[in-house]
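*Asks:* So Swiss-Prot has the following annotated:
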type: BINDING; residues: His83, His182; note: heme b b562 binding site
type: BINDING; residues: His97, His196; note: heme b b566 binding site
type: BINDING; residues: His201; note: ubiquinone binding site
type: TRANSMEM; residues: 33-53; note: transmembrane segment
type: TRANSMEM; residues: 77-98; note: transmembrane segment
type: TRANSMEM; residues: 113-133; note: transmembrane segment
type: TRANSMEM; residues: 178-198; note: transmembrane segment
type: TRANSMEM; residues: 226-246; note: transmembrane segment
type: TRANSMEM; residues: 288-308; note: transmembrane segment
type: TRANSMEM; residues: 320-340; note: transmembrane segment
type: TRANSMEM; residues: 347-367; note: transmembrane segment
Amino acid sequence: MTNIRKSHPLXKIINSSFIDLPAPSNISSWWNFGSLLGICLALQILTGLFLAMHYTSDTATAFNSVTHICRDXNYGWVLRYMHANGASMFFICLYLHVGRGLYYGSYMYTETWNIGVILLFAVMATAFMGYVLPWGQMSFWGTTVITNLLSAIPYIGTNLVEWIWGGFSVDKATLTRFFAFHFLLPFIIAAMVMVHLLFLHETGSNNPTGIPANTDMIPFHPYYTIKDILGLLLMITALLTLVLFSPDLLGDPDNYTPANPLNTPPHIKPEWYFLFAYAILRSIPNKLGGVLALVLSILILVIVPLLHTSKQRSMTFRPLSQCLFWLLTADLFTLTWIGGQPVEYPYVIIGQLASILYFSIXIILMPLTSLMENHLLKW
C-alpha cells in the first residue's frame, strides 16, 4: 500500500512541493529567505485579520480605533506591533531574497523571476496602503505626496489622482478604499506565491555554483526543513526583540499625531523600506522624470536577465562582478540614508550621485564587467 502522502490528491501536492522535493545538496542559508517570506506573509495575514476586527476605516475614528486596539483589546498592542514590525521583517527578507537572486544568477529562471518582481510591486503597494490606515500625520501627508505623483502623467494625471482619492483631497473615501485594497491584496499575493513556486518547481532551485545540480539532489525534508527552522528562529527572535523592546524604533513619531490637513509635518518621508526609492525620486528636479526614475528603480529588475552577458551564471567565481554587486549594496544603503534626510546641501548632490551610480551599475557596468571577465578567461 502506497503512503497516503504520495497517493492523496491534496497531500501529494504538498509532498512534491515541501517534502520529497529534490533540492541541490549545496544550497546555502541564502536560500532560506523564500520560506521566511512565506511565514512573514502568513503572519501578516493573521495579525492583520485580527486587527481588522477592531479597526474602523473612517477618518473620524481610525486613529482612535488603533489607540483602542493598543490600550483595550486583549494583547492588541502585540498584534499591532507584530503587524507593523512584521512588515519591516518582510522587506528585509524580500531585499535579501532579491539580492541572492542577483548574486547567484537565479534571474535566469525568467518566469519565476518576473513573477517575483510583480510580487515585489504588490507587497510594496500593500505596505504603502497599510501605512495610511492609522491615520496619523505621516499617514495622511505621505499618501497625499505619493498619490499626487500620478498627476505628473500627461493628460490623465489630474483626473487619475482625483479618481484614486475619490474626491479633491485625501479623505474618508481614500481611507475606506485603501483599507479594502490593503485587506484584499495579501490574498492575491498568496495566490501569486503559489504560481511563483509552480514555475520554480518546473526548473528546480539554482545553487551557489550556478551549475546544474541534477546529479546531486537531496530531499527537501528533513535537510532543508531543519535548515529553514534555524532561519525562522533567528527571524522570530529579531522580530520579538523589536516588538517587545522598541516597537516604535522603525516608525515615525509624527504618526502619533492625528492627521491634520491644515498642518504639514516638517519632513514628509515614507517608511524606511521605501527610502531608497524615495531618494531616487527626489534626486530628479523634474516631477515626471522623478516618477519615471522611481518606477524604473524597481522595474530595472525585469531587464536584468536581458543584460546578463557572462558565460557563467553565478557571481561565485567572478571577483570583479562581486565588487560591483557590493558597491550596488553600499549604494542602496546610501540612498536609504539620503531618503530620510532633508532636501538641502550636501544631501541633494549625494542623492543625485547615488542615483546615477545605481542605474549605471545595473545597466552599464555589470554587463561590461561580465564581458571583460569572459575575455580574461578566454571564453
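Numbering starts at 1 and runs along the chain as displayed.
Yeah, the Cβs are placed from backbone N, Cα and C, and that goes for glycine too.
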*Asks:* At the Cα level, what's the spacing in Å between His83 (heme b b562 binding site) and His97 (heme b b566 binding site), rounded?
*Replies:* 20
*Asks:* Count the Cβ pairs between the transmembrane segment (77-98) and the transmembrane segment (226-246) that lie under 8 angstroms and are 6 or more residues apart in sequence, then report whether there are at least 3.
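*Replies:* Counting Cβ pairs under 8 Å, at least 3, so yes.
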*Asks:* Given the residue listed as 'ubiquinone binding site' and His97 (heme b b566 binding site), what distance in Å do their CA atoms have, once rounded to a whole number?
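*Replies:* On Cα coordinates alone, these residues lie 17 Å apart.
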*Asks:* Establish whether the number of Cβ pairs under 8 Å between the transmembrane segment (33-53) and the transmembrane segment (178-198) reaches at least three, counting only pairs separated by 6 or more residues.
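*Replies:* Taking Cβ pairs at least 6 residues apart, the transmembrane segment (178-198) and the transmembrane segment (33-53) are in contact, with 3 or more under 8 Å.
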*Asks:* Which one of these binding-site residues, His83, His97, His182, His196, His201, has the sparsest Cβ neighbourhood, judged by other Cβ atoms within 10 angstroms?
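*Replies:* Least crowded of the binding-site residues His83, His97, His182, His196, His201, by Cβ count within 10 Å, is His201.
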*Asks:* Using a threshold of three or more Cβ pairs below 8 Å, and leaving out pairs closer than 6 in sequence, do the transmembrane segment (320-340) and the transmembrane segment (113-133) count as in contact?
*Replies:* no
*Asks:* What parts of the chain pack near the transmembrane segment (320-340), using Cβ distances under 8 Å and only residues at least 6 beyond its ends?
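*Replies:* 99, 102-103, 269-270, 272, 274-280, 282, 310, 347, 350-351, 354-355, 357-358, 361-362, 365-366, 369-370, 372-373.
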*Asks:* How about long-range neighbours of the transmembrane segment (288-308): same chain, 6 or more residues beyond its ends, C-beta under 8 Å?
*Replies:* 98, 102, 105, 107-108, 110, 113-114, 117, 120-121, 124, 149-150, 152-154, 276-278, 280-282, 355, 358-359, 362-363, 366-367, 370
*Asks:* Just to verify a number: CA distance, His182 (heme b b562 binding site) to His196 (heme b b566 binding site), in angstrom, no decimals.
*Replies:* 21
